[in-house]
Amino acid sequence: MEWENQTILVEFFLKGHSVHPRLELLFFVLIFIMYVVILLGNGTLILISILDPHLHTPMYFFLGNLSFLDICYTTTSIPSTLVSFLSERKTISFSGCAVQMFLGLAMGTTECVLLGMMAFDRYVAICNPLRYPIIMSKNAYVPMAVGSWFAGIVNSAVQTTFVVQLPFCRKNVINHFSCEILAVMKLACADISGNEFLMLVATILFTLMPLLLIVISYSLIISSILKIHSSEGRSKAFSTCSAHLTVVIIFYGTILFMYMKPKSKETLNSDDLDATDKIISMFYGVMTPMMNPLIYSLRNKDVKEAVKHLPNRRFFSK
């Protein structure tokens, strides 16, 4: 009987907001529009960072990687979410769920590490401007970006491998829009303390350590800016890092709220909190990638000029 209860699952049912079917059409339209904006905005940033020689700098190299990450991250979940809104049978295969978990976690981890690298880049640019070309040479910033991707892929491969080996005892209803790793782990009918410990270690290494690097970098940046006597100089120095700081606050604010809430929430109304988790996850998964190009371009003259001259590039010529 015990073996029978642990039958291998072939598919998962994505519950999402199926309890509110009238909202599904509204969510479909909103998420579809946001996804188009994500593709256009981040795609444009990638193009200009490649085609415009003036943007061949470490900062825009990292920004191009960040934009590519946002496109990959949203593409792992949004298309399937849109299909599920229009389909009566909201299912995903076990292998498809595993792939979605792997890609989503890999992209999320890579972005955490990459934001830390970008903070260090801004620290060197503002606090050590004369040594910036030496410290942030191509031999430095390319391995930094590659290391971010490597960390994300390895972390995701390890965690996903352990999760897919868990027994689910025919529990296949995921209370989420997509195969988010925590939502899948909740279905396991075995002790997941090992998985939770592994996730804790990964969170410290790939989320909190980059956050610590960001905090230290910006503490030194703010200290350096305050030493500048002219208000114009302070304003110019702060404008070079304000966009990145805004993105960091939105990204980390959302992710820390999601994954570091106290466990006492289980004693409260679980349905309301599940709905809250899903709404926050949607904000984290859609709003942040959509806002990143806007944040980086609104106060950036170089980006505005590059976008303005983009149609005249040889890339578009016959």
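From the backbone N, Cα and C atoms, a Cβ is placed for every residue, glycine too.
Record features (Swiss-Prot):
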| type | residues | note |
| --- | --- | --- |
| TOPO_DOM | 1-25 | topological domain 'Extracellular' |
| CARBOHYD | N5 | N-linked glycosylation site |
| TRANSMEM | 26-46 | transmembrane segment |
| TOPO_DOM | 47-54 | topological domain 'Cytoplasmic' |
| TRANSMEM | 55-75 | transmembrane segment |
| TOPO_DOM | 76-99 | topological domain 'Extracellular' |
| DISULFID | C97-C189 | disulfide bond |
| TRANSMEM | 100-120 | transmembrane segment |
| TOPO_DOM | 121-139 | topological domain 'Cytoplasmic' |
| TRANSMEM | 140-160 | transmembrane segment |
| TOPO_DOM | 161-197 | topological domain 'Extracellular' |
| TRANSMEM | 198-217 | transmembrane segment |
| TOPO_DOM | 218-237 | topological domain 'Cytoplasmic' |
| TRANSMEM | 238-258 | transmembrane segment |
| TOPO_DOM | 259-277 | topological domain 'Extracellular' |
| TRANSMEM | 278-298 | transmembrane segment |
| TOPO_DOM | 299-318 | topological domain 'Cytoplasmic' |
Candidate with the highest Cβ count within 10 Å, taken from the disulfide-bonded residues C97, C189: C97
Winner by Cβ pairs under 8 Å against the transmembrane segment (55-75), considering only 26-46, 100-120, 140-160, 198-217, 238-258: 100-120
Secondary structure content of the topological domain 'Cytoplasmic' (218-237), with strand meaning DSSP E or B: 16 helix, 0 strand, 4 coil
Helix-strand-coil residue split for the topological domain 'Extracellular' (76-99), DSSP-based: 15 helix, 3 strand, 6 coil
Intrachain residues whose Cβ lies under 8 Å of the topological domain 'Cytoplasmic' (47-54), provided they are six or more past its termini: 60-61, 63-64, 67, 302-303, 305-307, 309-310, 313, 315
For the topological domain 'Cytoplasmic' (218-237), distant same-chain residues with Cβ under 8 A (at least six beyond the ends): 119, 122-123, 126-127, 245
Residues of the parent chain within Cβ reach of the transmembrane segment (100-120), under 8 Å, 6 or more residues beyond its termini: 59, 62-63, 65-66, 69-70, 72-73, 76-77, 80, 92, 141, 144-145, 147-149, 151-153, 155-157, 159-160, 163-164, 178-181, 184, 202, 206-207, 209-211, 213-214, 217-218, 244, 247-248, 251-252, 255
Positions on the same chain near the transmembrane segment (140-160), where near means CB under 8 A and six or more residues out: 58, 61-62, 65, 98, 101-103, 105-111, 113-114, 117, 120-121, 181, 195, 198-199, 202, 205-206
Tally of DSSP helical, extended and coil residues in the topological domain 'Cytoplasmic' (121-139): 13 helix, 0 strand, 6 coil
